[in-house]
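Below: the structure, in C-alpha cells.
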Amino acid sequence: MTIASSHSINNGMNTGKLVNQLSSLPDRNTHNGQEVKYHPENVELNKEKMMDAVRVMLESVGEDPEREGLLKTPKRVAEAMQFLTQGYDQSLEKLVNGAIFDEGHNEMVLVRDIDFFSLCEHHMLPFMGKAHLAYIPNQKVVGLSKLARIVEMFSRRLQVQERLTRQIAEAVQEILDPQGVAVVMEATHMCMVMRGVQKPGSWTVTSAMIGSFQNEQKTREEFLNLIRHQPNFY
C-alpha cells in the first residue's frame, strides 16, 4: 500500500488560528486567489473547442476522425469531460441549500465508504476510491446527503488527492464551524496503473484532520477505528 498523509494543522492550534491558516493555504483551483468564474452561456462554445481538440488528438496518434467508429467520439469525449468536471459549476452555498439544523448533538457524525471518482490534473487520468468523512458538531448538524455531495463536488474537478482531501475538510469546517473534522480518502490512480510505474493494486491514502481530530489522540483513534470497522448489517 502506498500511503500519503496531508495534515495542514499543527498540534495545539486553536480554532481561530485554524480558520486563519485554512484561508491562507494555496489552492490551485483558483485563479490568483479568486474563485473560478464559470460562464454557463459558454457551455456550447467550450464544447465545440473540446471537440476540435479531440479531433486534433485523434489525428496526432495516427487515427482518422472521419472513420465510422470515431465520427461521434469528439462529441462524446467533450460531453464526458463536461460531466467529469461539473464541480467547477457548483458552489458550497448552493449545494448545502440551507440544510443545516440546530440539534444540540455533540458526538461524532461519520459517513464512510463514500465512492468517488476524479481526474488527476497531471495526466487527466481517473483516480477513484472511497472517502470517509466525520465531524463533531458544535450544536449544528448538516443533512447527511450533503456530506456525500461535498465529496462529489470537489471530486468533479481536476485534482490531486492531497488537495481534494483538504478541500473537503475545509468545506465542512466552513459550513458548520464544528469542534473537529476528519477526512480519509483511499484511492487507486490510473496514472500509476496504466502508465509510468504501472503498479496495479497500489493505493494512496490521504488524511486531513482539523480541530479535535488533530489535537486529541483518542478522538482521532476513535475515528480511525470506526472506518476500519465492518458493518454487520450486510
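The backbone N, Cα and C atoms fix where each Cβ goes, glycine too.
Among the features that Swiss-Prot reports, Zn(2+) binding site is placed at Cys120, His123, Cys191. A simple way to gauge crowding: the CB of Cys191 (Zn(2+) binding site) has 16 other CB atoms within 10 angstroms, across all the protein chains here.
Sequence-ordered, the extra residues of this chain that approach the Zn(2+) site, with Cβ no more than 8 Å from the Cβ center of Cys120, His123, Cys191, are Leu119, Glu121, His122, Met124, Leu125, Phe127, His189, Met190, Met192, Arg195. Classification of His123 (Zn(2+) binding site) by DSSP places it in coil, neither helical nor stranded. Sequence-distant neighbours of His123 (Zn(2+) binding site) (same chain, 6+ residues apart, CB-CB distance under 8 A): Met190, Cys191, Arg195.
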